[in-house]
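In what follows, a structure is listed as structure tokens, so that the remarks can point back to it.
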Amino acid sequence: MDFSIKACDWSKGAANGFLNGKADVVVIGVFEAQTLSGAAREMDLATKGLVTRVIKAGDMAGRAGTTLFLPEITGIGASRVLLVGLGKQDVFNQKAYGEAVRAAWRAILGTKIAQVAFTLAQLPILERTGDWAVRTAILALRELTYKFTQMKSKPENGTRALKKVVFSIDPADEKAAKVAVKQGAALANGMDLTRDLGNLPPNICTPTYLGQTAKKLGRDWKLKVEVLGQKQIEALDMGSFLAVAKGSIEPPQFIVMQYQGAGSGKSAPAPVVLVGKGITFDSGGISIKPGEAMDEMKYDMCGAGSVFGTLRAVAEMGLKINVVGIVPTCENMPAGNAVKPGDIITSMSGTTIEVLNTDAEGRLILCDALTYAERFKPSAVVDIATLTGACIIALGHHNTGLFSKDDALAGELLDASREAVDPAWRMPLDDEYQDQLKSNFADVANIGGRPAGSVTAACFLSRFAQNYPWAHLDIAGTAWKSGAAKGATGRPVPLLAQFLIDRAGQ
Ligand code: BES
Ligand code: MN
Ligand code: ZN
């Protein structure tokens, strides 16, 4: 799909020939008040009052979510116009814009239209800019066209007709909108990778497969990639990670990927480290899970997937920043040699851990990765994990849980989350909760009981993240959808990429 920008000042009449450009359809917004302005007014003039007549006839009342194709148009470059209802202008916010854009794409994707001239990104949206509108429209289209077909035996029929979209944009927004096109496409490509990895079945997307994916990502995007195997992980004394891995016949992998957009060498700026939970299947281990929806535990590597997707996006954007991605990956399986409740294991940091529930395995692999992260002297570390069912109980499927003691870092992540429309909600991390992790026999227990389960999981991790600014994202509720629309969402790649864009000052 090819996206481009054309600056148009509608107050100067037919605006740069936008309406005469080659396209199959021009997309025009209509508010409920039905007073035409900007692109809609010029379209009406160019078609000798057709838009006005259609509105007068009652065929397009401007109601949110409605669309109407006008065929066989003359007087402009395209043969069709798509009118899109926008609702009330005084409450036209990001949500209303998103709905209008999705309605437009849905209508277009149901046709053979190949080229689109799109004017909605130029509409006045409350508290949002033109470049934001372009990026959002690109992401909405790419979201609607994503399909996971790799595992179907026959290719699904029909190639997609839509090839090219030109956005009209105010001249003042042109430069930022061009950046938005590049970043929007890069972000969508990163999210597609994250979604593909999540959706792949666990017999294919194994730790070894993730290791190979990392190496390919390294080749394609010039990342420095290391994939450590069992022996090397043992040499690092990652006793906690290895304890989780040992019940599976799939060998664990410890993946380190470095993107050096701000240069390498001694004087290079400190990197941001992203750590992603890479459990390619979470059966619960000896504390085995009930059968219902257990297939969805293939998604327990979505934190890792988001690290891959974010690195891909950041590399394609060419951000001037250094980012390290760390992915500890293994399966959590029951077996004669699996870790058991009651076992005490020693983490890379030396902290001893009493395993009271083998299903609380995410924190056990992440704690060693957090210790490993110290060697990069990071400016910040963010871990991303499908860590707790309790986070879903607390926040549902809308917000990612954000945990950090560092107000500045938490603020940056929340700002990025808002800009990217990838919602996150800050959760508490008070020291008082740490008491729930007391063990009679080891330094710490791996579970803290039912109350505030997502908080005590974060508290566990915090013990291993004392030496740098750190934040934790619990994506248990947001990384994938269940039910008829079952599939990975690609979240929180938008949040993470925006955080890095902001840090890079780009
Ligand atoms: N991967 C799960 C968390 C999860 C469960 C995410 C369901 C999304 C949907 C994690 O490893 C886990 O099993 N956590 C346990 C922790 C408990 C044993 C303290 C949980 O949430 O039940
Ligand atoms: Mn588990
Ligand atoms: Zn898990």
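The chain as shown is numbered from 1 upward.
Yeah, the Cβs are placed from backbone N, Cα and C, and that goes for glycine too.
The structure displayed is predicted, hence computed values, not measured ones.
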- Item | Candidate sharing the Mn(2+) 1 site with Asp359, Glu361 (per TrEMBL), from Asp282, Asp443, Asp474 | Asp282
- Message: Lys277, Asp282, Glu361 show up in TrEMBL as binding Mn(2+) 2; which entry in Asp295, Asp300, Asp343 does that record put in the same site?
- Response: Asp300
- Could you check which of these recorded positions, Lys289, Asp359, Arg363, sit within 10 Å of Lys277 (Mn(2+) 2 binding site), going Cα to Cα? Arg363
- Note on the structure: Cβ contacts within 10 Å for Asp359 (Mn(2+) 1 binding site), all chains included, total 19
- Note on the structure: When each of the recorded positions Lys277, Lys289, Arg363 is scored by other CB atoms within 10 A, the minimum falls on Lys289
- Task: Give, as a single whole number between 0 and 100, the mean pLDDT over the domain 'Cytosol aminopeptidase' (357-364).
- Result: 99
- Item | Shell list (Mn(2+) 2; ref centroid = CB of Lys277, Asp282, Asp300, Glu361; cutoff 8 A) | Ile279, Met297, Met301, Asn332, Gly362, Ile365, Ala385, Thr386, Leu387
- By DSSP, what is the split of the domain 'Cytosol aminopeptidase' (357-364) into helix, strand and coil residues? 3 helix, 0 strand, 5 coil
- Query: What other residues of the same chain, not counting Asp282, Asp359, Glu361, have a CB atom within 8 A of the CB centroid of the Mn(2+) 1 site?
  - Reply: Val244, Ile279, Ser283, Gly284, Gly285, Ser287, Lys289, Met297, Asp300, Asn332, Thr358, Ala360, Gly362
